[in-house]
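Enquirer: Got a structure for you, questions after.
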Amino acid sequence: MNRRYEKPPPLSVSSKGKKKHFVNHTAPNTPGNYERTQTSPTLSTARSHEPDDKLNYEIFSILESKFLFGYEDPRLLWIPQSPLRPGDSEAGPSPRSPLTPNGVVLPGTPSSSFRSPRGRICVLSIDGGGMRGLLAGKSLIYLEQMLKEKSGDPNARIADYFDVAAGSGVGGVFAAMIFATRDGNRPIFKAEDTWKFLVENAEGFYRSGSGSGGGGAGAAIKRVIRSGSGSGSSSVTAATAKLEKAMKASFADLTLKDTLKPILISCYDLSSTAPFLFSRADALESDSFDFRLRDICRATWAEPGTFDPVRTCSVDGKTRCVAVGGGLAMSNPTAAAITHVFHNKQEFPAVKGVEDLLVLSLGTGQLFEVNYDYEQVKNWRVKEWARPMARISGDGSAEFVDQAVAMGFGPYRSSNYVRIQANGSRLGACGPNVDTDPRAENVKKLTEIADEMLKQNNVESVLFGSKRIGEMSNSEKIEWFASELVIEQQRRSVRASPTVTLKQAVSKTNRNAINATLTLISKDR
């Protein structure tokens, strides 16, 4: 997955060997038109991966079909269909069926109707967002609590029940924490440790009273526009040193191979001007793709204006990147995680489509500072637009991914895909620096908003219809999701063929023994 991440052009696709060509037939090969080869240009050492981005191509095909033809015409649009159940017919579901004639899952539908006989790959995605990561941390704590309750195992951890985790920014750090291991058997950190980590280190990472204002893409834009300067100041250097110290204390010399399951953590590589994904699957194949977890977390959290960029390299020194924050690359990494599952046939051989996935995406809240009306904004200049543009850029990109993924799931979007997101707050507008304010008052307010978020009704994305308020609260959705995770793990023990065949890392002791043996063999020759 160490690759440049691009949206495929929607017109035509032709394949030649292991490269995918996307061609725009409406214009000649001039700058700005498509006649390009999608390879893995991020790294000179990158291996050849599956060429076509299945989920993204289907998503953008849906978008094209909608705007050109209208999505209601089934002849012009692919939408995944659930298998017919007793009482259904080709003409449509029976009255008792949880599907409407348009293929939409009715609220409250038991997901047992949609459980794939092949099993489902369980995917966790965590957004970036600076101090707003406290909301995702609270969701993780509640999820782990529910897993313990549903499984009856007081030692249950999130890593026991998910097959893949992806994160950006602070979400990437959380993903690394809950999947990191020292003994190859149990995770080092509990879910509550993620929340504590952010609270305890916030004052060292962020400056009280800072006007920088945010984590993720929007926040970075805001800091650059407002300050007119980037890294290099004494305050940024001090914050960077504290971040590196905290990461070293948490992860020591653990690498991507020292994680229990596949993880994906994003950053933006300035040297190749492309998003970069650190992937455990790649690390297990070559040391050239194995990075230290402390360097990965440093890279994904390198928010411009708050922390310095970082030059990081693989454990063998052959692969390098100059990284800034993962939120600039993808503030919501859900689509990247799903695409990884579709492409990783070695570890997920049974996956055929979205019906074989069970995805939980944790947002960090849409916490608007203030609402605007037309009369207020119509005469704004660049200075007045700086803050709203930053917020729109950050939150808007994350929500677009949510909308696109929901469309990709079609009728399975209520049974196989859950997004947990704060839908505003009754506690009043947040301050302009909510994402970077480490003071106790801001931590207290974010904690209260997180508790309020769990009580709010879950908001679902609807096909080209904005949002829909669901019948279940976010806490009820998480509880339901935990039940599904436990059921999936129980069913795996009785299936004839494995749902997941995870590659195992070779221990350092075994690696040294293997290297010593190879050295002796070479000497004998």
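Glycine residues also receive a Cβ, built from the backbone N, Cα and C atoms like all the rest.
Note that this is a predicted model, so its numbers are computed, not measured.
Dumping what Swiss-Prot says about this protein:
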type     : residues : note
REGION   : 1-50     : region 'Disordered'
COMPBIAS : 26-46    : compositional bias 'Polar residues'
DOMAIN   : 124-338  : domain 'PNPLA'
MOTIF    : 128-133  : motif 'GXGXXG'
ACT_SITE : SER168   : active site, nucleophile
Enquirer: Do any residues, 6 or more residues outside the motif 'GXGXXG' (128-133), come within under 8 Å Cβ-to-Cβ of it, and if so which ones?
Expert: 167-172, 174, 194, 198, 202, 206, 214-216, 219, 300, 303, 325-327, 331, 364-365, 367, 394, 434-438, 442-443, 446
Enquirer: Neighbour count, 10 Å Cβ-Cβ cut-off, for the residue listed as 'active site, nucleophile': what number do you get?
Expert: 37
Enquirer: From the DSSP assignment alone, can you count helix, strand and coil residues within the motif 'GXGXXG' (128-133)?
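Expert: Counting residues per DSSP class in the motif 'GXGXXG' (128-133), I get 4 helix, 0 strand, 2 coil.
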